[in-house]
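Since the structure comes first, as structure tokens, the remarks are kept for the end.
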Amino acid sequence: MKVALVGNPNTGKSSLFNILTGLNQKIGNFPGVTVDKKSGFCKLADNQVVSIIDLPGCYSLYPKTQDEAIVSDILSDKKNEFHPDLVIVVVDVTNLKRNLLLYSQVADLGIPLILALNMNDLAEKEQIAVDADKLSELLGVQVIKISARNNEHIEDLKKAISNAPSFAIHSSAYSIPQSSQNLVDKISHEFDYDNEYASLLLAHQYSAAKHLSKNETDKLDSFIEEQQFHSADQQVEETIWRYTYIDKLIKECVQIAPKPIEPSLTDKIDDVLTHKFWGFAIFFLILLVIFQSVFSWAEYPMALIENLFSWIDEVGHQYLPAGVFADLLLNGILAGLGGVIVFVPQIAILFAFIAILEDTGYMARITFLMDKLMRKVGLSGKSVVPMIGGLACAVPSIMATRNIENWKDRIITIMVTPLISCAARLPVYILLISLVVPDDKVWGFFDLRGLTLLALYILGTVGAVFVAWIMKRLIKGKEASYFIMELPIYRKPRWKNVFLTMFDKVMTFIFEVGKIIIAISIVLWVAASYGPPSRMDSITAKYESPELIDSHSAAELERMESSERLENSYVGILGKTIEPVIRPLGFDWKIGIALITSVAAREVFVGTMATIYSVEGSDDDTANIREIMAAAKDPQTGAKVYTTATAFSLMVFYAFAMQCLSTIAVVKRETNGWKWPAIQFGYMTVMAYLASLIVYQLLR
Amino acid sequence: MKLSDLKIGQHGIIKEFTDLALSVKLMEMGCLPGESVCLERIAPLGDPIAIKVSGYQLSLRKEEASKVILHI
């Protein structure tokens, strides 16, 4: 049996999903679109296993966003592969009236239903008494009171799922108005729909529906014109009718104890968190705490991981027979793998914070605080959440721009989100900062390195704001922008949810990003170990000549030879080709190699450096990449490669450049074409080059 | 009077909307003609605003609130 969870946002639908499925869940995308699809399995008391799908939160079946359109499509189209056999409509009892609107629409689609009255704990506290038996009798469906957050009465719900097939389908509440009846009949006949309300929904939203052919859309166009169907008018009329119906239900089944009007806890918290001064002060303090934590808490597990990989490398060199295989394994794969795993602690911490902000309800307040400011630069308050998400990764954030209804706001947000420093830049920043910024304290508390990192994040954000401000003037808008958003009550974060989000993001990073990094590490190892045979042969011959052997020690000779080999390898040739272009930025050909490989993903920089320098060979195999880079010297002049000027120029380059294939791919998908990703790649590359040029020329 | 003209703590009853497309979205969110609303707070920068409607807090921009006409 296929069971779907449907409900408004902030009703505890995802808590319920987590309880029903546990770790037995899978997160993916709906086919063709990048809307999260969460599915899993749940075992009922009678050992029956049902599949559960968590549909995106929505307020009605008239979709305003792509997320909502998915719900509408799945529920109204019986041929849809996700069309459920049973729907559990999850409602927030403390906000029953608004929540029942969606319920009544879903009920009219004729799918077997269970109504789950969630947040029962809160309702009791607020003395809202719902007569579930009466409601069940009036609606003709099973009504179950649960409290997903406290894991209460979940067994009752599971029992209801087992019983569901024996219940009759709820009879239709809303009758199609006379004026639309002809249209509905035509659609029902043409598309073979056996539910009238499904036909009506199709008339409202067919232009956004994915499953229709051009021919079918044209047919609907002509039906609608012929019948003079006015979608918005009809929606207004229907919505008012439904609320009248809901009011009657509530009058009969719900009793709310009269309570003295006093400010709720949420009101009191909001007085502080949306205060003129404290609101912003606390917001920036929270951001600062996040950066400090990502930087300093993560240090211990990171050091552990670094040591572990050094140890494996050492053991490997000791026990594996020397040769191509050991070389590939240790200098290619292991070096790349270490470069991925080491950043897991930071990603985990950052996502834990983002999950907590979402879960407590504070994220909505950030939007509330920032909307006016964001609108000045051409963004919407809704852009703040994707942009904060951009701190972790632009890819999910660009997908998250889907709830910005306005096309122009959305395009601008997509265009500038990759300028926000993402987690993939962190490895690069941290490595370079630790190379050139001393480990000192400012005012005895703030870490100088942490402040440098914060400055880089601010730089990215200022860059994003600047570009948005320009684009606001260049891009022509098509439609009006809405900002109608619920401010949910504050709740304690659900730690299980926080943990699952963290776990999921870390896994995505390791598997999605990690596989690119490891693949590139291997390609790079090959390209760095091999070169045109003629050049390689002449190097071999050169180092066999007696004059050289006599005048140098064996260790010195070995280092010179491997360095020369790298310079003449395929990757060295490529790096040298672009060297004249990047020299004014303070970069040598080795950095050039890293810039090329980073186009796949920014964090590849670290892996590339590890591979390049370990291929070159150092005296001490256990030294980590940081020490090796700090010791790196220009072979001609003997000057340090990573001076302050070069390191800062490089950091600024990484702050602005579009070095991420995944982002390019997701922008193409989200904007439906190559135009916007091309513009984005172009402007970001130019911006990065100019900014680095200025930084290097000023600092050197 | 318009929803955007309310002062903090002041109540009003929704009469009608002057924007059809916006009204569909607002009604979905529980802002129906006849419903009582109260202005709860204004964002520190003066916009958007937060209103109490059918038992929860809803935020919207002043410009959107100006399309909601109240009895008062």
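From the backbone N, Cα and C atoms, a Cβ is placed for every residue, glycine too.
Looking at A:124-146, A:239-261, A:377-399, the range tied to transmembrane segment in TrEMBL is A:377-399. Of the listed binding-site residues, namely A:G7, A:G22, A:P56, the sparsest CB environment within 10 A is found at A:G22. Proximity of the transmembrane segment (A:678-699) to the transmembrane segment (A:277-298) is not established, fewer than 3 Cβ-Cβ distances being under 8 Å for residue pairs spaced 6 or more apart. Across the structure, A:M119 (GTP binding site) and A:N18 (Mg(2+) 2 binding site) place their CA atoms 15 angstrom apart. Look at A:G22 (Mg(2+) 1 binding site): DSSP puts it in coil. When the alpha carbons of A:N10 (GTP binding site) and A:N18 (Mg(2+) 2 binding site) are compared, the span between them is 14 angstrom. Across the structure, A:G22 (Mg(2+) 1 binding site) and A:P56 (GTP binding site) are spaced 18 Å apart at their Cα atoms. In the three-state DSSP assignment, the secondary structure recorded for A:M119 (GTP binding site) is coil. On a Cα basis, A:D36 (GTP binding site) lies 16 Å away from A:T21 (Mg(2+) 2 binding site).
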